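Peer 1: Please read through the structure below; I'll follow up with questions.
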Amino acid sequence: MRVIMAEVFNSWQGEGGSVEGSAFGRRQIFVRFAGCDLHCAWCDSREYIDASRVSSWRYEVKPFTGRFEYRPNPASVEEVVEAVLRLDTGDIHSISYTGGEPTLQVKPLMALMERMKELGFDNFLETHGGLPELIRDVAPLTDYASVDIKDESAKATEDWKGLVLREVESIRILKEAGAKTYAKLVVTSETKVENVQWYASLLKGLAPLVIQPREPIEVSQAKLMEFYREAARIMGRKNVGLSFQVHKYLNVL
């Protein structure tokens, strides 16, 4: 079985804050898949959106060195497993599957998750959540999940509200399968408080929410506090947190 990869590397998980399901501050091995069906305005992996144009993938030769070697796409599942094992430092919290959107290649994703389970690792899924029918396949293999709630300002798709409802359905599927799951909302200066209230009402009693300002941070502290306050009012004060891309401040991937 083969998969169109982007990269494999060892780093800290820099997102997620302190809500249940987050691995913030934990060391992970990141397995980044190529290909995404959305086009978010703030995407920081834009070079990997069109999987057909990702002719090679890279893997870190030694943890935290930033030294990579390249191989042609598509990769075999065993090649990816070998790259992961080469980066196991003995203190790995979980394997993070990210993208792009990993569920678009659901069969090799499941094969990798199954193999990592056999090797004793926990699986951490980072997903936009817009494909609940595929989430249903991977949910039983998932220990932790970060699921996006795409704000209207992301301009990810024309059917924005439909996307949000599918994301919430994916969260429900993951929670029912036993995965520790949280929702991640990236906010901007264009984010509307009434939209944050809507997201919070959908997530109430289902999963915690982290609010993450887009980098570089442009949203005001006053607006950020308003978003937080309104989400906490609806969801409960212990079910909301802030998230920042701390790995960028540490100058690591």
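Note that Cβ sites are derived from N, Cα and C of the backbone, with glycine treated the same way.
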Peer 1: Besides Trp12, Gln13, Gly14, Thr98, which of Arg32, Arg86, Arg115 does Swiss-Prot list for that substrate site?
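Peer 2: The record-listed residue among the candidates is Arg32.
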Peer 1: Assuming the binding residues for substrate are exactly those in the record, Trp12, Gln13, Gly14, Arg32, Thr98, what is the maximum CA-CA distance in angstrom, rounded?
Peer 2: 15
Peer 1: Near Cys40 ([4Fe-4S] cluster binding site), which residues of its own chain have a C-beta under 8 A away, given they sit six or more steps off in sequence?
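Peer 2: Listed in sequence order, they are Lys150, Ala154, Lys155, Ala156.
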Peer 1: Could you check which of the binding-site residues Gly14, Cys36, Cys43 is the closest Cα neighbour of Gly100 (S-adenosyl-L-methionine binding site)?
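Peer 2: Smallest Cα separation from Gly100 (S-adenosyl-L-methionine binding site) among Gly14, Cys36, Cys43: Cys36.
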